[in-house]
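As C-alpha cells, the structure follows; a few thoughts come after it.
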C-alpha cells in the first residue's frame, strides 16, 4: 500500500475506488502532476472516474494536508504527495518541470525572531525558479 493511502486510511478517510486510484496515481517521491494529468492516469486504472471527482479528491487531500498544491507561475497547479517530508522545489520557468530538493539549511531558522512579527509559523515554502538543463540548453 502506498504511503499516501496508508496516511489516508489512518485518518479514517473513506477510501472509495476513486480515492484509491487518485492516491495510487500520486504515489511516488518526485511526482508533481497537474489535475488533468492525474485524471488521465486515473482513467487508465478506472475508466469511469470523472474529472470533477479527481479535482474534488485533490482538493480534499490538500485540505487534509496530505498533499501539497504547488503553483508554477501561471501554469496549472501541480500536486505533490510528499507533504510530510520537509523539502523545497526547483521549478523550471520554461517547461514547468518540478524537482524536490532537500537543502541542509532550515529556512525558518534563517528568519530572525524580530522578522517574524509575532507569527506562530506553521510551515515554510521555498521555491527556486530557473531553467532546467534541457531548457537552458535550448536558450
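Cβ atoms are placed via backbone N, Cα and C, with glycine included.
No curator has checked TrEMBL annotations; they are predicted automatically.
As recorded in TrEMBL, the features of this protein are as follows:
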- 92, 95, 132, 135: Zn(2+) binding site (BINDING)
Under a three-state DSSP reduction, the secondary structure at residue 95 (Zn(2+) binding site) is coil
Quick note, residue 132 (Zn(2+) binding site): same-chain residues at least 6 apart with CB under 8 Å of its CB -> 90, 92, 94, 95, 97, 99
Once DSSP output is merged into helix, strand and coil, residue 132 (Zn(2+) binding site) belongs to coil
Given the Zn(2+) site 92, 95, 132, 135, its other Cβ neighbours within 8 Å of the Cβ centroid, in chain order, are 93, 94, 96, 97, 131, 133, 134, 136
If you tally other C-beta atoms within 10 angstroms for each of the binding-site residues 92, 135, the top scorer is 92
